[in-house]
Amino acid sequence: MAFVTRQFVRSMSSSSSAAASAKKILVKHLTVIGGGLMGAGIAQVAAATGHTVLLVDQTEDILEKSRKGIEESLRKVAKKKFAEIPKGADEFVAKTLSSISTSTDAASVVHSTDLVVEAIVENLQMKKELFKRLDKFAAEHTIFASNTSSLQITSLANSTTRQDRFAGLHFFNPVPLMKLVEVIKTPMTSQKTFESLLDFSRALGKHPVACKDTPGFIVNRLLVPYLMEAVRLCERGEASKEDIDTAMKLGAGYPMGPFELLDYVGLDTTKFILDGWHEMDSKNPLFQPCPSPNKLVAEKKFGKKSGEGFYKYK
């Protein structure tokens, strides 16, 4: 009897697992909205792992630049991957590029996609308007995801009628090299959607981590307050930015000090994130603005990309 019971339990368990898996969306066709650094990186990685990708942006010029960037990145990857087989490298690049098509009309191309990943500028209203429009044209089964690093996923989801098929999918820069993806589940995100996105992330060769819809998710929620505390330490005159950077590299084993990292990420980007959090929770001491980076941003000194931030760059 015990044997029969065990067999029955195993059978039921297998059936339940199979049923759960059958309900998940297998992402084969991906639409990426935004041909910038992040969007192009997501498109590249997806195409290189056997997905059909449609990359969307406002103009053909932007898309042409994105495609050239993807090709250059692919050639770097192929050079290492096929070091001893040059022909294999060319075939890899050609095959991957053939899986990427482009369009300037998002609404006309989302009808047959499994997943839409939005990677446009960090502007809440623009993102909400985009998702609201695409919601009218996308198929019933299509999952919507935002690559935002700082905005509330729930707020974006509420601009659509598919809150259960909406989540955050936060990649890290540069996408082809960084293994992490944060999969953000709102209170309305269905388990089916959540597991489908975990599977998709793994299919890209990434390591997904799960997080609820909290400001900054995991990485930025820990990273930005650390960076701001380093700034406050310097603002109080307790240590120089150079010594703080050296201390964290030699004492904590970090590859960059906090001021070096702020310049690398972009002071305007960090300010945008912190300002958004402060607006949501102005009493949280971790979210308080800092005068020195705000002054640099006002002077258009954003870091490496502008030639000057906390440090000067040639």
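Cβ coordinates come from backbone N, Cα and C, glycine included.
Remember, TrEMBL labels are computer predictions, not curated facts.
Per TrEMBL, the feature NAD(+) binding site maps to G34, G35, G36, L37, M38, G39, D57, E122, K127, S149, N173, K305. For S73, K80, S149, the entry in TrEMBL reads CoA binding site. The site 'Important for catalytic activity' annotation in TrEMBL covers H170. Feature annotation from TrEMBL assigns domain '3-hydroxyacyl-CoA dehydrogenase C-terminal' to 216-313.
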On a count of neighbouring CB atoms within 10 A, which of the recorded positions K80, K127, H170 is highest?
-> H170
Among the binding-site residues listed here (S73, S149, N173), identify the one with the smallest other-Cβ count within 10 Å.
-> N173
Length of the line joining the Cα atoms of K127 (NAD(+) binding site) and H170 (site 'Important for catalytic activity'), in Å | 15
Could you tell me the mean pLDDT over the domain '3-hydroxyacyl-CoA dehydrogenase C-terminal' (216-313), as a whole number?
-> 96
How many neighbouring Cβ atoms, not counting its own, are there within 10 Å of the Cβ of M38 (NAD(+) binding site)?
-> 21
Count, for each of the binding-site residues G34, G36, the other C-beta atoms lying within 10 angstroms of its own C-beta, and report the residue with the smallest count.
-> G36
Between any two of S73, K80, S149, the residues recorded as binding CoA, what is the biggest Cα to Cα distance in Å?
-> 30
In whole Å, note down how far the CA of G34 (NAD(+) binding site) lies from the CA of H170 (site 'Important for catalytic activity').
-> 14
Residue counts (helix, strand, coil, in that order) that DSSP gives for the domain '3-hydroxyacyl-CoA dehydrogenase C-terminal' (216-313) = 64 helix, 3 strand, 31 coil
Counting across all protein chains, other CB atoms within 10 angstroms of the CB of D57 (NAD(+) binding site) number 24
For S73 (CoA binding site) and N173 (NAD(+) binding site), the CA-to-CA distance in whole Å is 13
